[in-house]
Amino acid sequence: MASWPPLQLQSSNQSQLFPQNATACDNAPEAWDLLHRVLPTFIISICSFGLLGNLFVLLVFLLPRRRLNVAEIYLANLAASDLVFVLGLPFWAENIWNQFNWPFGALLCRVINGIIKANLFISIFLVVAISQDRYCVLVHPMASRRRQRRRQARVTCVLIWVVGGLLSIPTFLLRSIQAVPDLNITACILLLPHEAWHFARIVELNILAFLLPLAAIIFFNYHILASLRGREEVSRTRCGGSKDSKTTALILTLVVAFLVCWAPYHFFAFLEFLFQVQAVRGCFWEDFIDLGLQLANFLAFTNSSLNPVIYVFAGRLFRTKVWELYKQCTPKSLAPISSSHRKEIFQLFWRN
């Protein structure tokens, strides 16, 4: 069966969904065959690591019987969002393995893609909120009160989940399954009702979900870095640096990883829009955009499994929390004993 690139599985009306010359640009059959065979395995691996990693992060944050600080509230919500997201990846992997033949019905077609779309918004809005909180702590420390920030963080997270869900409604409503008799498949497609929806979609996807948040992230983190440079001399006098500096270093790493993982997706999504409105044409652009979108999707998926790794390797305070949780959950009989206590036990054992 010939490959059917995703660009041709998305259109503004039924007559344009499967053009007669659709196979004229099938210039990369080997690349598509390799993608169908290899990419699902990588996606399942991401799902496994993301599921275990984000569950672990949530357990570390939520099991101890104490209130979360502001940064932990945001990071726990980010882990929860990633966890919900990776649960939908096996369906995506099976879809690619079947060469875009969707076997799960219309409801799951809408639900899975709606979850993916909601995660896109929730994740980047949480990154903005985290950056804004660090900005307030480091740049305007006198204006931020801990109790007020904690309450604000909870409200902000609830609003982000609600807004992310609302922004995913168009995807939920416009996704549908469509039979393709020529290829003997049933595809899960985004069926746009009018040409104007292409513009609305790119405004939502590239501007609302990336460029505007990116501008806010750059603004906040530029001032954060400037503030950290100003405190460099003070930090050198402290052993290991301040707690705020450690938390900020972790968050900056998360921000950079998020942008690296998601920027290619938005780049190819914009190229897809240009192709849809025929600003760019030709078989080269079609194959380049189709294959690029699949690889960019994969790179974006990795962000959900990469965050727990960043917590472990870049988050010194997170590692401390893991150790505290381990000591809390380990029975006292299994806890490590001091050398002096061990010596006393040894002497008592051999004493007659």
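Backbone N, Cα and C define each Cβ position, glycine as well.
Keep in mind the model is a prediction, meaning the values are calculated, not measured.
Averaged over the topological domain 'Extracellular' (1-41), the predicted model has a pLDDT of 58. Swiss-Prot lists 1-41 (among others) with the feature topological domain 'Extracellular', giving sequence analysis as the kind of evidence.
Under the heading N-linked glycosylation site, Swiss-Prot lists ASN13 (among others).
Residues annotated as N-linked glycosylation site in Swiss-Prot, with sequence analysis given as evidence: ASN21 (among others).
The transmembrane segment feature in Swiss-Prot is assigned to 42-62 (among others); the stated evidence is sequence analysis. Outside the transmembrane segment (42-62) by six or more residues, the chain places 68, 72, 75-76, 79-80, 82-83, 85-87, 89-90, 92-93, 96, 298, 301-302, 304-305, 307-309, 311, 318, 321-322, 325 with a CB less than 8 A from a CB of the stretch.
As annotated by Swiss-Prot, transmembrane segment applies to 73-93 (among others), with the evidence given as sequence analysis.
Annotation comment: Swiss-Prot describes 94-110 (among others) as topological domain 'Extracellular'. Per-class residue totals from DSSP over the topological domain 'Extracellular' (94-110), listed helix then strand then coil: 10 helix, 0 strand, 7 coil.
What Swiss-Prot records for CYS109-CYS188 is disulfide bond, and it gives sequence analysis as the kind of evidence.
If you look up Swiss-Prot, you'll see 111-131 (among others) marked as transmembrane segment.
Away from its own ends, the transmembrane segment (154-174) comes close to residues 73-74, 77, 81, 110-111, 113-115, 117-119, 121-122, 125-126, 129, 190-193, 197, 204, 208-209 of its chain (Cβ-Cβ under 8 Å, at least six residues beyond either end). The feature transmembrane segment is assigned by Swiss-Prot to 154-174 (among others).
Residues annotated as topological domain 'Extracellular' in Swiss-Prot: 175-206 (among others). Secondary structure of the topological domain 'Extracellular' (175-206) per DSSP, as helix, strand and coil residue counts: 11 helix, 13 strand, 8 coil.
Here Swiss-Prot flags ASN184 (among others) as N-linked glycosylation site.
Within the same chain, residues 120-121, 124-125, 127-128, 131-132, 134-135, 138-139, 167, 248, 252, 255, 259, 262-263, 266 sit at least 6 positions outside the transmembrane segment (207-227) and bring their C-beta atoms closer than 8 Å to a C-beta of that stretch. The transmembrane segment feature in Swiss-Prot is assigned to 207-227 (among others).
The transmembrane segment annotation in Swiss-Prot covers 251-271 (among others).
The topological domain 'Extracellular' annotation in Swiss-Prot covers 272-294 (among others) and rests on sequence analysis.
Residues 39, 42-43, 46-47, 49-50, 53-54, 56-57, 75, 78-79, 82, 85-86, 89, 119, 123, 246, 249-250, 253-254, 257-258, 261-262, 264-265, 267-268, 322 of the same chain lie 6+ residues outside the transmembrane segment (295-315) yet bring a C-beta within less than 8 angstroms of a C-beta in it. What Swiss-Prot records for 295-315 (among others) is transmembrane segment.
Per Swiss-Prot, the feature S-palmitoyl cysteine maps to CYS329; the stated evidence is sequence analysis.
Break the topological domain 'Extracellular' (272-294) down by DSSP state and the numbers are 17 helix, 0 strand, 6 coil.
Sequence-distant contacts of CYS109 (disulfide bond), defined by Cβ-Cβ distance under 8 angstroms and a gap of at least six in the same chain, are TRP102, ARG175, SER176, ILE177, CYS188.
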